[in-house]
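Trainee: Encoded as structure tokens, here's the structure I'll be asking about.
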Amino acid sequence: PTPATAGRAPGPPDGGWGWMVVFGAFISIGFAYAFPKGLAIFFKEIQDFFGTSYSEVAWVASIMLATTYGAGPISSILVNRYGSRPVVMFGGLLCGIGMVSAAFCTSILQLYICVGFITGFGLALNLQPSVIIIGKYFLKRRPIANGLAMAGSPVMLCTLAPLNQFLFDNFGWRGSFLILGAILLNCCVAGALFRPIGAATATVKTQVTEKRKDALKVVTEDAMEMSSPTTAPTENKIEEEGGNDCCEKINQYLDFSLFKHRGFLIYLIGNVLMFLGFFAPIVFLAPYAKHIGIDEYSAAFLLSILAIVDMVARPTTGIIANSKWVRPRIQYFFSFSIAFNGTCHLLCPLASGYTGLVIYSIFFGLAFGMVCAMLFETLMDLVGAARFTSAVGLVTIAECCTILLGPPIGGTLIDTFGDYKYMFLKCGAVMVLAGTFLFIMNYYNYSMLAKEEKERKAKEEDPKSVRTENEGRNNWNKETAQDGPELEPLREEQEELKKEMNGT
């Protein structure tokens, strides 16, 4: 790099190799989101094999989803430390190990560990780095890139739903888990595409850091020659800095000051509420179809219909969100998508036959794709690209609690009432409430931001406020100068120390 640009971080290229990064993110995000939903094909048979209830089997997908989201801070820390490429490759390896181990499980508890925790943690190491690296490669085209990468979920779901049914019919659920473990190793290939950006700048930063260390060493040696009264405050300062090292290291990877950010808190509360009803309808869609007498392949095809519509909805939503009319107020669009999703679930009990479920799947796929396409784009719009890595980690660990409880609560409602409609009504009501909350609070946030900006401009333009501040500072200096003669020796000592330091 030239001397003028040596210290600057390279800007996002908005293309080039970035499209290969989007393709890699398409694969890894697709597996991270679609794989827990695709496993719902095996739930009915696993339930019969182990003799468990709906809610007990639902814990498999629930633990996997919760681990995928709950391990977000760990994934963010690893990305900040090692970069996206090795983290995603290691995550793919963990996914393969978890599913292969699950093929030899002899109890539902072992499935919780192998499928839920091990595979879920591997998917977490795929999801976070893939979302983060897109923000490093794209700025102007970021909504489109996010929409294309998020389209990996419906494409994978569209493929996995019939594939899982085919594998089960030919190899059983144990053989299917072995094959799926091998398929998940493709995440390692996707991670290899995540080429680090800004390697040259890192070298320059290292050289600058070394020069600063040398300069600091020289200054420290000179300071040792000064008198002890002068060095005492410096030593105290060093001790204080040493005590703050731990907090600084933690804050380096996870920025906890985001909890003072009004927009971030609104987003966090709305999403935590939303995820209480976000995944349960997909987990129970195929079992619901089988429950009302639809054959296995037709039930699996409902997930494929949902995924095909979702596949079109995500990039289309990305293009709409990138338009000049929507992008400045993308939070409102996100709120509408969540409320629309909940409305679909509220109307689902009206679909009694297969045709009605097909219509429900189409609208559900559209609403689901709209929400997923903007899920991370809206967060980056609120906190900015610099703090996005920490924001993703903090959001996902907060969301994991409701993600963990969502499907089991739905399974409990099914076991209690013997009917699926109460589960769909619960999910719909929760999501409509979350969408309404986000719409109202985002309106409040935009109003407050406009008010704060107006006050800041008025303060800059009004010379009286600047004069008042200067007068207050001068009055304070005068009051200090009017102190009694008992402070005179201290002032003289300070002036002598200043002269000595200036001479040195």
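All residue numbers here begin at 1 and follow the chain in the order shown.
Yeah, the Cβs are placed from backbone N, Cα and C, and that goes for glycine too.
Remember, TrEMBL labels are computer predictions, not curated facts.
The compositional bias 'Basic and acidic residues' annotation in TrEMBL covers 454-472, 488-504. Look at TrEMBL and you will find 18-446 tagged as domain 'Major facilitator superfamily (MFS) profile'. Residues or ranges marked as region 'Disordered' in TrEMBL: 454-504. Feature annotation from TrEMBL assigns transmembrane segment to 17-36, 57-78, 90-123, 144-163, 175-194, 264-285, 297-313, 333-352, 358-376, 388-410, 422-444.
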Trainee: Answer with yes or no whether the transmembrane segment (388-410) touches the transmembrane segment (264-285) by the criterion of at least three Cβ pairs under 8 A, sequence separation 6 or more.
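Mentor: Output yes: the transmembrane segment (264-285) sits against the transmembrane segment (388-410).
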Trainee: How about long-range neighbours of the transmembrane segment (388-410): same chain, 6 or more residues beyond its ends, C-beta under 8 Å?
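Mentor: Here the qualifying positions are 55, 58-59, 61-63, 65-77, 79-80, 124, 128, 131-132, 135, 253-256, 258-259, 264, 267-268, 271-273, 275-280, 283-284, 376, 379-380, 382, 423, 426-427.
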Trainee: What residues in the same chain, six or more past the boundaries of the transmembrane segment (422-444), come closer than 8 Å to it by Cβ-Cβ distance?
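Mentor: Result: 263, 266-267, 269-271, 273-274, 276-278, 280-281, 284, 331-332, 334-349, 406, 409-411, 413-414.
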Trainee: Give me the stretch from 17-36, 57-78, 90-123, 297-313, 333-352 with the greatest number of Cβ pairs under 8 Å to the transmembrane segment (358-376).
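Mentor: Selected stretch: 297-313, with the most Cβ pairs under 8 Å.
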Trainee: Could you give the residue numbers and ranges of same-chain residues that sit at least 6 residues beyond the transmembrane segment (297-313) on either side and whose C-beta is under 8 angstroms from one of its C-beta atoms?
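Mentor: Distant Cβ neighbours of the transmembrane segment (297-313) are 34, 37-38, 40-41, 151, 153-158, 161-162, 164-165, 282, 285-287, 289-290, 354, 357-358, 361-362, 364-366, 368-370, 372-373.
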Trainee: Does the transmembrane segment (90-123) reach the transmembrane segment (333-352), going by 3 or more CB pairs under 8 Å (6 or more apart in sequence)?
Mentor: no
Trainee: Across the domain 'Major facilitator superfamily (MFS) profile' (18-446), what does the pLDDT come to on average, as a whole number?
Mentor: 79
